[in-house]
Amino acid sequence: MLSKEEPACRQFHSREKTWGNEHNGKTVTQANNKEHKVPAVRRGDIGQREPAAHPASHIQGTMASENTGEQATCKDQYMDLDAPGNNLEHSWLHRHCEIPTTLHQRAKKTGRLFSGLFGLNLMFLGGTVVSSVALSNKAVPERDSQSFLCILMLLSSVWALYHLLFIRNQNGAVHHDHHAGAMWLKASLAIFGVCSIILSIFEIGHALLLQNCEILMDIVFFSIEIVFVSVQTVLLWVSCKDCVQMHHSVTRYGIMLTLATDILLWLTAVIDDSLEQDLEILQSNSTQDESNEMAQCQCPTDSMCWGLKQGYVTMFPFNIEYSLICATLLFIMWKNVGRREKLHSDPPRHTFQLRGIIYGPLIGGAALLVGISVFVQYQVEATSGMVSILSYHMYYGYKMIILAPMIVCSVAGIIAHSLREKEKKGQKETGRSDQDWLHMEDVGSENKNTDYSSGQYQSSQGDEKIQGYSLAQFALDNEKEKLEHRQGNTTKKHNTHQGKMKNYTRKLDVTLLFVSAVGQLGISYFSIIATVVTTPWTMLSALNFSNSLLLILQYLSQTMFIIESMRSIHEEEKEKPGHHEESHRRMSVQEMHKAPPSCLDAGHLGLSRRVVKEMAMFLMICNIMCWILGAFGAHPLYMNGLERQLYGSGIWLAILNIGLPLSVFYRMHSVGILLEVYLHA
């Protein structure tokens, strides 16, 4: 009986030999040394199997052969991960644990717990400091929060350089998670990072041109932010796929420090952006002395200082998105620290193509052009301070026009996914039936060839017995496969030596999608209540009510479509592409002629796939337009006055300042996921 300290592969080999001794009376090694090859259960081996001596021994031999294959896979690909010389994680709390792999798992969980608590407390502390500047009526000076953030950015930059220059250069220090760090995410990281650096440059120029204001701390803060953004962008571009196997504690705490810094910078940018939106209200409620003090640090509208201010105000949405993207990538890196799972091979690369996709890009492009025209026209009037009723009607009318088709497209995409799943199930059953008949024919032909080569005469009655026996043998094989499918064949569906390959990126995407959707849903429900209570109803009230209701339906339907699409992608990734490729390679020319058209026409873009691609492309373009409407310039929710009359300026502005940043992130995050859906469909 083996002890638990032995590696998993050796235990599996021992169980394999024990099973063979109990049921066959012979070891698996002896079974493999026979001249008679044991047939495999895989359908790709049709045409290569030989009849066994007895159905029961056939099933036993098959299971023995499969276990041997799994042992080879485990030994060749994954045994090196748990070898004694490798870097297993240790923890002082679990020092009495004598099993290395168990100690590694417990130490990993303990490291996640303490580093997570460290990051959480740091976020709460920094969030209190940053928000106190805006809520304490200048009792907490802004330079205190800037000094705190400067310390965090410097420490994070030092850790990032240490990770890039020291940890990653050691042998065996890094494995890779191929699910993390999608190309569209890295491209967004680079673009938004450049925009954040430009924002800091504009802030420095704006601070230098101000007079009678304290500018030294502002210059220091934005200079350090430029260094931090540059180092962090390089770190995440290079290391976003890393599964670090050395210096686990330093890496976890460094990642949490950097992640907390990004969250606090995001909160600072959200507060600054909200204060720019609320500036007129703050000035109207302030005293004369406060207004004079605020006017001393304002730029004339016709100066270069005013132009730089408009520049960094325009860059706020990019900086907000940059901080959130960095936080998501860092969270995946933190989850992957100490992870000792490896894929069999790299996942397939998907290229962006518009072949056969016409209506989605065409209609979406038209909606984008019209939306930009409406947006520019509204912002011109909002900048002048006088927004006409016609501009409100055009703004809300345009949103209603695009929201209704987005709802229809989301529902159509969900239906297309269900039809596609049904079609794939039918093709799988058809292919299995055809392969079964091919197997029966091959078994019969092999029996006849064997009889003729041995010179033995077979009567018609003997042929019927052989065919009946072959059918019985095949029925036993088929029942065994169905039983394994129902109970779950753990040796086949696990991609790693420690279990099923986890995809932390996809789980995080779904979580962020749900959390960010709460912002717009809350705003919409508050708007609906305010519109219903306010009397009498006007055209603007009706448009606001309809727009809020359509937004709720659109968020719910699009979220369901995205989740259903990601589930479909996950189901496709669970299938073994190498197994199917091997099966197709083993098909002879005669079998290809006998195969149904559905098996040979796999590259054809079916109706359900085309519908999913069309819907994903249209929704992606419309979400880009909705992101532009919510992220840039003035927003009608600040200016129409319906909700402000019911809730008051302070409460309504607080609702908007919390909900709108989440809504903006939802749109941008949806664009990335919809692009992934389009590529995988």
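Even glycines carry a Cβ here, placed using N, Cα and C.
Different topological domain names are assigned in Swiss-Prot to GLY311 and GLU676, which places them on opposite sides of the membrane.
When each of 113-133, 249-271, 318-334, 359-378, 615-632 is checked for Cβ pairs under 8 Å to the transmembrane segment (508-529), 318-334 comes out on top. Taking residue pairs at least 6 apart in sequence, the transmembrane segment (615-632) and the transmembrane segment (217-240) share fewer than three C-beta contacts under 8 angstroms.
Within its own chain, the transmembrane segment (541-563) is flanked in space by residues 392-393, 396-397, 399-400, 403-404, 406-407, 409-411, 413-414, 417, 510, 513-514, 517, 520-521, 523-525, 527-528, 531-532, 534, 615, 619, 640, 642, 666, 670, 673-674, 677, which lie at least six positions past its ends and keep a Cβ under 8 Å from the stretch. The stretch in closest packing with the transmembrane segment (359-378), judged by the count of Cβ pairs under 8 Å and taken from 144-166, 249-271, 318-334, 393-415, 615-632, is 615-632. Below 8 angstroms of C-beta separation, residues 111-112, 115-116, 118-119, 122-123, 126-127, 130-131, 133-134, 145, 149, 152-153, 155-156, 159-160, 162-163, 167, 225, 228, 232, 316, 319-320, 323-324, 326-327, 330-331, 333-334, 337, 657, 661 of the same chain, each at least six residues beyond the ends of the transmembrane segment (249-271), sit close to that stretch.
Here the topological domain 'Extracellular' (530-540) is broken down by DSSP into helix, strand and coil counts: 6 helix, 0 strand, 5 coil.
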